[in-house]
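Q: Dumping what TrEMBL says about this protein:
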BINDING   HIS43, HIS69  heme binding site
BINDING   HIS236, HIS241, HIS259, HIS262, HIS263, HIS317, HIS321, HIS338, HIS341, HIS342  Zn(2+) binding site
DOMAIN    8-86  domain 'Cytochrome b5 heme-binding'
TRANSMEM  170-192  transmembrane segment
TRANSMEM  212-235  transmembrane segment
TRANSMEM  272-294  transmembrane segment
TRANSMEM  300-320  transmembrane segment
Amino acid sequence: GAMAAGPPRSFSAAEVRARCAQGACLVRCRRRLYDLSGFVRLHPGGEELLRRRAGTDVSAALDGPPHRHSDNARRWLEQYYLGELEPGEEQVPRARVPRVQGIQGLEAWNWGAVCVQPLSAPQDLVDWQKPLLWQVGFLGEKYDEWVHQPVDRPIRLFHSDILESLSKTAWYVVFMVWTPVVLYLSWVSYTSLAQGNTRLFSSFTTEYSIPVHKYCFPFIFLLGMFLWSLLEYLIHRFVFHMKPPASNYYLITLHFLLHGQHHKSPFDSSRLVFPPVPASLVIAFFYGLLQLVLPEVLGLSVFVGGLCGYVIYDMMHYYLHYGSPSKGTYLYGLKAYHVKHHFEHQKSGFGISTRFWDHPFGTLIPEETFEKEN
């Protein structure tokens, strides 16, 4: 929903109730009305929580408890501005909203209650009708703030339709392309180890080299997955979240291509996983690197574990944006964690498939920000 132009339309309380009865999800902040019908499926706390607030005044929840809403959440809501409630109808009896026990702050993230004082979206710094990749480099010192103010709209990067199609993909394509590769390379690795010719340290010494049995394959595979989780963290933190110099057009452009476009439009479903064509170049690079430092079969075994970890990471990343995990599950808490990263803590919370590496590197999102309703 785009923000309305010109004088806002007025709605009667009866009309609001009628729309909600027909399935729309309208909420209000004092007299300001918002239509969240197109957003309910994306709501991090689940569709049910938002629908329970349909037709009600949600302004009191701005500062909590249980959650104080960020400026980004306020801007996000303004995208769904519909109009004004007619004067004198603000005191319409409200439906009682049940108290919800927020689990790690997820359900407490009440997206409908962000605007006692509306925070308008800043004036567009780019032309959304044209590809953005050639524009963002000119934002200079304004880029870092702009790219971390998310919007709910699709992004076009390239002029070329071919390049544009290669820059995005459906989530299941990643699974369909790389799962057969993982299965095939796992079979090659295991059968190669079964021949009994693989030994550790054989390039340094033959007398003390260690034979690698075929039954070691699952452990080497898991080592590859573990190393991928570290690589995932390091890339996300130091490459995807580098702060490009304001004076460097090309680094700003590169940052936006790699990750900035995802933070600008976090619910663009075609850009939540790494498209196979550019991914294959990166994957080939890491395969070559492992072949240089490990014996051929061992390098392949570690690589295939890492590739499996990558596929799981991509699937989880999509699910954290569009899935509805059950309360109390690992993914439920991880979804809350990732939402916090996008809307409030862009400089911490870099773990996607696991929060493990945020602990030793000191980038864990503070637990106190995940307030629970008493």
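Placed from the backbone N, Cα and C atoms, the Cβ positions cover glycine too.
The structure displayed is predicted, hence computed values, not measured ones.
Locate each feature and note its surroundings.
A: Around the Cβ of HIS236 (Zn(2+) binding site), the same chain contributes HIS259, PHE350, GLY351, ILE352, each under 8 angstroms and 6 or more positions distant in sequence.
Computed over the domain 'Cytochrome b5 heme-binding' (8-86), the whole-number mean pLDDT of the model equals 77.
Listed as Cβ neighbours of the transmembrane segment (212-235) (distance under 8 Å, sequence separation of 6 or more from its ends, same chain) are residues 186, 189-190, 193-194, 196, 198-200, 286, 297-298, 301-310, 312-313, 350-354, 356-358, 361.
Distant neighbours of the transmembrane segment (300-320): 171, 174-175, 178-179, 181-182, 185-186, 188-189, 192-193, 217, 220-229, 231-232, 269, 272-274, 283, 286-287, 290-291, 294, 331, 334-335, 338-339, 352-353; these residues of the same chain sit at least 6 beyond its ends, with a Cβ under 8 Å from one of its Cβ atoms.
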Q: Would you mind listing, in sequence order, the residues at least six apart from HIS263 (Zn(2+) binding site) in the same chain with a Cβ closer than 8 Å to its Cβ?
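A: In sequence order, the residues whose Cβ lies under 8 Å from that of HIS263 (Zn(2+) binding site) (at least 6 apart) are VAL147, HIS148, PRO150, HIS342, GLN346.
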Q: Per 10 Å Cβ neighbour count, which of the binding-site residues HIS259, HIS321, HIS341 ranks highest?
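A: Most Cβ neighbours within 10 Å: HIS341.
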